[in-house]
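Notes follow once the structure below has been shown.
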């Protein structure tokens, strides 16, 4: 007959000697204890950590112990789910044998994998940002490559801007010219303009005074109409 109590006491003493700084007994009936498991140091000495609580059942190790994660550090919830699944798998594979060391070792290896994944993910993110920066610099240097699609888009936008600009100018011209009439508009609005000259002559008695001194005496002019170079238009331009 298996002496479960003795096997449990022996394992407990071994576990305490293996993990002296991270092992803590919580109770003796039932036997319950915690072990804090920490990954190896990753980038910038960063680590991930979980504290596991184990409780022996009466027929352990023929039956698996109870376990739970009571705290975690730098660990996402999705990873804690992975750890719980791992514990279940390891317990099923080691039934009939004391297994706490095996379970803790499996968790330790899992945490090391996680810290490597975190490091790789950060490195990929860093490289992605560097690529984006390089591509942005190339675009700034080379300019935008013209394609049919972006040319048609630009053309439609440009034409729309021209239409809006034209409307704006027309509106400004209408506002600036408001109240001012063209000659045609003045003529159409005031029909007296077409008879104004006639009215002026009637008011003056149909007579127009002419200052004869402005004209030369035709008899004083030396005119030779037979001269082939004669041009009457030159008379007014000659100086005395």
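Cβ atoms here come from the backbone N, Cα and C positions, even for glycine.
Feature annotations, courtesy of TrEMBL:
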DOMAIN    10-114  domain 'RWD'
COMPBIAS  168-177  compositional bias 'Basic and acidic residues'
REGION    168-240  region 'Disordered'
COMPBIAS  209-229  compositional bias 'Acidic residues'
COMPBIAS  230-240  compositional bias 'Low complexity'
Cβ under 8 Å, sequence separation of at least 6 from the ends of the compositional bias 'Basic and acidic residues' (168-177): give me the contacting residues as numbers and ranges. none
For the compositional bias 'Basic and acidic residues' (168-177), the DSSP residue counts stand at 9 helix, 0 strand, 1 coil
Mind checking how the domain 'RWD' (10-114) divides into helix, strand and coil residues in DSSP? 44 helix, 29 strand, 32 coil
